[in-house]
């Protein structure tokens, strides 16, 4: 939470670089109309740009068409990779499986040059059997155990090679290498290498992937080192699993409860936002004052004890006490300075806190007028899940794509891609980031378009029947290129961050302290840059929804507005984010409390750990998804409010668009500005005074 607030407060300095970046690079790909406009006024934000009139919801034109073409071509490349992996037989090898000699199970195979036992007819052998099922390197996707195609998985434990021989004769399923006759299983010299490891555990075939998997999966505990101790206790594991299955109705009910609480909170938060904000302010003030007072009390107490001690020669205990007194003095002074600065900030920013409360109040009204906003997380989650599942399927296909290669170390056959084809995996990985960010950006643009329509429609009875659907249609018709460009910028920052994170994990325990510190610093800086660019992108999408301008122009316009209201932006991000954090905690706490009562009512179930963890995790995710939409609504309302007050003053012909609650806030601000106009004009963090039309707003 503190890191997120820090990233928000660092927005102004980071966005200066983004603006410079926008002026040199992001202008590429703007539509011809936008490029002509930018060529006359510059992409850096000149005075002509500030004077350009905003015309909400009046003009609509396609934006960033070249970037839409680039994104479409990229998606076609992703589809080509999927088609290539399927056409080369990777899909059949993944689903049906293949043995260590390159034969795909369940079909006829062609001879592989240099591999003696390849090219066999495995039509009747549809299952993959591993001689040592616990010797599989899943992380590197390498099979350390020999694999064979068999007609039936062993359904009982085979303790000796004689049992293996009897199973093969009875079921026609040969569990040793193809070059060993069945009758030689007990006496063959290479049976320790080419026959299964004893005892052979009973196994079953997976429903879709035809692999013989041991019924007792405890041997796979090596791939989950954190759970070795827990999994090794079979009685505890069985009790937990049985308890989860027995309480599955309670778990599902609690998940639905978390969903309902999240929706209710988004509607009623406008009634409790005042209490939450001022309660937060009171707790911060009391905590800082109390902490400072305790430090000074400890300092005085330790100093008095040190003074009362007698002795001409200082002892080690006295020296230690002296050091403690000095340390307490330093801590007390630092805490005092921090408390004074905090109190001054709260005093001078109290009016901006009132704006945050008002925005929360109006955001609650938005959800009552636009109830379909509550369904937006569902569509986003569904779209992401469908994309991730398809991406994972193609990724697994790529793992079995390529030409068969016989390993010199083990003699087993593996399928590897060579030449330019091996870079398809990297292309596919970039697609995961870009398309995921594109889907999230589509949600932001859709919500922004609906809220902008609500805000800039004076007569709310004339709103479209479904503003969300109208916003989605406008996005699909005009602004997909803008969303593609914005998501690509986030991808450019995410890729090096993920690469550095991967390098850090690979070098864990091997690098020196300096290298470790530099890696963490670079990862942290890239993370902060990602957060700042995400916030700027979101406001750029709002500007595009208002004025139908390209991404570069919208980002510069939004940047100017945000810099003019820097202190208000910081207040909304700090106070608003903490209020939403309290909302998430409230939902998780209520769900967990009801869960404890429900599980306590079910007396036959005693292990509560896993069900409660599942419920709390799901409730947190649900609350995060829904309240993130609420946060987007608040940010969009703020930008609309800033644009409204900058270009309108309430005079005839320049009436405000804002809600009644925001209008009251403006009127109160005007009254306070009239009492102390000089102070308001000297406050650089407030909005610049409006002098057009005879009105003045600070």
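Each Cβ is built from the backbone N, Cα and C atoms, and glycine gets one as well.
The compositional bias 'Basic and acidic residues' feature in TrEMBL is assigned to 673-686.
Under the heading region 'Disordered', TrEMBL lists 673-698.
The transmembrane segment feature in TrEMBL is assigned to 65-86 (among others). Same-chain residues lying 6+ beyond the ends of the transmembrane segment (65-86) with a Cβ under 8 Å from its Cβ atoms: 28-31, 390, 394, 397-398, 401, 424, 427-428, 431, 434-435, 438, 480-482, 484-485, 488, 551.
The annotation transmembrane segment is assigned in TrEMBL to 250-269 (among others).
Per TrEMBL, the feature transmembrane segment maps to 276-299 (among others).
Long-range neighbours of the transmembrane segment (328-348) within the same chain, counting only residues 6 or more positions beyond its ends whose Cβ lies under 8 Å from a Cβ of the stretch, are 281, 284-285, 288-289, 291-292, 295-296, 298-299, 302. Feature annotation from TrEMBL assigns transmembrane segment to 328-348 (among others).
For 353-372 (among others), the entry in TrEMBL reads transmembrane segment. For the transmembrane segment (353-372), same-chain residues at least 6 beyond its ends with a Cβ under 8 Å from one of its own Cβ atoms are 266-271, 273-274, 277, 281, 450-451, 454, 460, 463, 466-469, 568, 571-572, 575-576, 579, 630, 633-634, 637-638, 641, 659, 661-662, 664-665.
TrEMBL lists 378-398 (among others) with the feature transmembrane segment. Same-chain residues lying 6 or more positions outside the transmembrane segment (378-398) and placing a CB less than 8 Å from one of its CB atoms are 78, 81-82, 85-86, 90-91, 94, 417, 424-425, 428, 431-432, 435-436, 439-440, 442-443, 625.
Counting residues 6+ beyond its ends, the transmembrane segment (425-456) has Cβ neighbours under 8 Å at 56-57, 71, 74-75, 77-78, 81, 366, 369-370, 373, 376-377, 379-380, 383-384, 387-388, 391, 394-395, 398, 417, 463-464, 467-468, 470-472, 474-475, 479, 482-484, 486-488, 490-491, 494-495, 498, 537-538, 541-542, 544-546, 629, 632-633, 636-637, 640-641, 644, 657-659 in the same chain. What TrEMBL lists as transmembrane segment is 425-456 (among others).
Sequence annotations record features per position, and here TrEMBL assigns transmembrane segment to 578-599 (among others).
What TrEMBL records for 605-627 (among others) is transmembrane segment.
Here the transmembrane segment (250-269) has long-range neighbours at 244, 276, 360, 363-364, 367-368, 374, 579, 583, 586-588, 590-591, 594-595, 598-599, 602, 611, 614-615, 618-619, 622-623, 625-627, 629-630, meaning same-chain residues at least 6 beyond its ends whose C-beta is under 8 angstroms from one of its own.
Non-local neighbours of the transmembrane segment (276-299) in the same chain are 269, 325, 328-329, 331-332, 335-336, 338-339, 342-343, 346, 353, 356-357, 575, 578-579, 582-583; each lies 6+ residues outside the stretch with a CB under 8 Å from one of its CB atoms.
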